[in-house]
Every structure is written in structure tokens, then in C-alpha cells.
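Supplied in C-alpha cells, the structure appears directly below.
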Amino acid sequence: MKTGNLFNTVALVGRSNTPGIAEPLATLAACIAKRGFEVVFEGDTAREIGISGYPALTPAEIGARADVAVVLGGDGTMLGIGRQLAPYRTPLIGINHGRLGFITDIAAADMQALVPVMLSGKFEREERSLLEARIVRDGEPIYHALAFNDVVVNRSGFSGMVELRASVDGRYMYNQRSDGLIVATPTGSTAYALSSAGPILHPQLQGIVLVPIAPHALSNRPIVLPDDSKIAIQIVGGRDVNVNFDMQSFTALELNDTIEVRRSKHTVPFLHPIGYSYYATLRKKLHWNEHASNEDDKAS
């Protein structure tokens with residue numbers, strides 16, 4: 001059905017294995033459908049909550065058919081569907097039904113008021129970058145993955161430090177003994193990288209940050225690189241080393257394996273309500289400015 005709006009078909013994606021998510025998803029679907037939009041569900045979401053009356057699609061089918069995806073869940077849900085829809089440039093709207101909610105910025109209590117307004121074309125749009133990584137073993141690529149937040153090379157919980165050789169654009173950077181190394185996007189700079197004393201990168205900054213995890217030498221500090229950098233991390237020493245992609249998929253590594261990381265050609269459009277402020281998100285999520293303030297988020 002044509003609505004005369006920027007969007008016609010809206011996909012709904014929900015957080016897996018979450019008690020109480022069926023009712024808000026059904027409510028949101030009805031709220032959107034009665035305004036003339038076609039509503040489809042991500043297949044696993046539809047099966048899990050037992051909803052009928054709407055098409056149930058794979059992520060690839062959503063990418064080909066939907067104009068926008070509304071995600072109800074936590075940051076992990078947003079990361080997972082974002083990676084799958086990245087090749088299709090499907091815009092995402094995030095509704096927080098998790099704990100932290102750095103990138104799912106709409107409160108569930110506000111979704112019926114805000115989402116229809118956004119679907120009518122009133123929103124703020126930004127592009128979020130991704131990383132692509134491949135593992136090379138004996139000169140041959142053996143694994144490839146996208147990451148929205150970060151690519152993390154780290155040891156298992158029962159092994160000692162690992163030694164990693166890092167180079168950038170073919171130039172040697174250092175050998176580092178540590179618990180691992182994080183390669184993060186600006187979006188991922190407020191995830192694992194932040195807990196390892198990495199800097200916060202504004203999402204619109206074109207950069208990639210390398211953050212050591214518990215390095216043996218305190219002089220091994222985080223460094224922000226240009227986002228067109230090509231990063232190579234070789235496993236020089238250690239055992240039980242893994243590489244994780246957004247902490248949602250991983251593979252075991254062997255000595256002399258190399259992880260090659262670069263910015264992906266794909267970006268994911270995030271849609272926010274009018275008046276969205278990244279700094280307000282930081283204040284709320286990181287508990288900045290705990291004392292009352294008369295300041296607001298209006299541009300001066």
C-alpha cells in the first residue's frame with residue numbers, strides 16, 4: 001500500500017528470548033499498520049512471539065523489500081540485524097528493550113508516539129560505519145565477517161598473555177604482550193573499548209581505534225587511526241586465542257594467523273527522533289553531570 005510517505009514497508013525485529021516482548025511488538029505493529037504502512041516481521045521474531053497476519057521474512061528478504069527496520073531490543077539486537085542489513089542500506093530505528101541502550105535510543109514507553117512521526121519523515125539521520133575482517137592462515141583467507149562495534153583478538157580465560165604483532169598499511173607498529181587487542185568503530189568506542197580505557201569517538205568521526213586489553217607495558221596506549229587504515233594483527237605467541245566480532249560470533253586462532261581489518265564499504269543509516277543528542281545519550285548512559293543543571297540540548 002502506498003502511503004505517500006518516504007517509507008511504505010516497515011520491518012519489525014525483536015530481541016530473542018525476551019519475556020514480555022510479544023505484547024509491545026504486536027502493539028507497535030498494529031500502531032504502524034493502521035496508519036497505512038505495510039508491516040512485515042523478521043522471521044525468527046514472528047515465530048518466537050507467535051504472531052500471525054504479517055509476512056515473516058528472512059533478513060535478506062527484509063533488505064530487498066522493507067524501506068526501514070524498527071528494532072525492539074537491546075544494543076546486541078541492533079548490532080546483529082545491522083550487520084545483516086548493511087549490504088541493503090536499510091535504515092534502522094532502535095527502541096530500547098534491553099539494559100544499556102547506547103544505540104537503541106527510543107524508550108519503549110515512547111515508541112507509539114515517536115515511531116509514527118519518524119515514519120512520516122520527521123527524523124534525524126546519520127551513517128554508522130562497520131568493519132570488515134578476514135582471518136588469513138598460511139596465506140589463505142579462512143574466515144570473513146562484518147563488525148558493527150569491534151573486532152576483538154583475545155586470550156581465553158584460562159591461558160596466559162598473548163603476543164600480537166600489529167601493523168598498519170603495511171608498516172610495522174609494535175609487538176604487544178597483553179590479554180588482547182580491540183579494533184573498534186566510533187560506535188564501538190563506547191562498548192568493550194571504553195571498559196579498556198579507550199577514548200570515546202563521536203559516531204560521525206571518521207576513525208578506527210586500537211585499544212590494548214590489559215597490556216603488559218603501560219606504554220601500550222590506545223591509538224586512533226584514519227578510517228581508511230588497513231590493520232593486520234598476527235598471533236606471535238600464546239595459546240587459546242580467539243577473535244570475536246561484536247562479541248556475537250568468534251573463531252579460534254592458531255599461531256601465525258593474521259587478522260586483517262579495514263573499514264567496510266557498507267554503512268548503516270540510523271534514524272533518530274528530531275532533537276536527538278549524542279551528548280545527552282552519553283550523559284544518561286555514563287551518568288555524567290549527576291547534579292541538576294539548567295543546561296539543555298538545544299543548539300546555540
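Just so it is clear, glycine is given a Cβ too, placed from its N, Cα and C backbone atoms.
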If I go by Swiss-Prot, which of Ala46, Ala107, Ala214, Ala217 binds NAD(+) at the same site as Asp75, Gly76, Asn149, Asp150, Arg177, Asp179, Thr190, Ala191, Tyr192, Ala193, Leu194, Ser195, Gln248?
Ala214
Rounded to a whole angstrom, what is the C-alpha distance between Ala214 (NAD(+) binding site) and Asp75 (active site, proton acceptor)?
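With distance taken Cα to Cα, Asp75 (active site, proton acceptor) is 25 Å from Ala214 (NAD(+) binding site).
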Which value in Å gives the longest Cα to Cα span across the NAD(+) site residues Asp75, Gly76, Asn149, Asp150, Arg177, Asp179, Thr190, Ala191, Tyr192, Ala193, Leu194, Ser195, Ala214, Gln248 as recorded?
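Looking at Asp75, Gly76, Asn149, Asp150, Arg177, Asp179, Thr190, Ala191, Tyr192, Ala193, Leu194, Ser195, Ala214, Gln248 as a set, their Cα atoms extend up to 31 Å apart.
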Rounded to a whole angstrom, what is the C-alpha distance between Leu194 (NAD(+) binding site) and Asp75 (active site, proton acceptor)?
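Cα-Cα distance, Leu194 (NAD(+) binding site) to Asp75 (active site, proton acceptor): 15 Å.
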What does DSSP assign Asn149 (NAD(+) binding site), in three states?
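Assignment for Asn149 (NAD(+) binding site) reads coil.
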Taking every protein chain in this structure into account, which of the binding-site residues Leu194, Ala214 has the most other Cβ atoms within 10 Å of its Cβ?
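Output for this query is Leu194.
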Long-range neighbours only, meaning 6 or more apart in sequence with Cβ under 8 Å: which ones does Thr190 (NAD(+) binding site) have?
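Listed in sequence order, they are Phe102, Ile200, Leu282, Lys285.
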Restricting to the chain of Asn149 (NAD(+) binding site) and a gap of 6 or more, list residues whose Cβ falls under 8 Å of its Cβ, or answer none.
Leu79, Ala184, Thr185, Thr187, Gly188, Ala191, Tyr192, Asp246, Met247
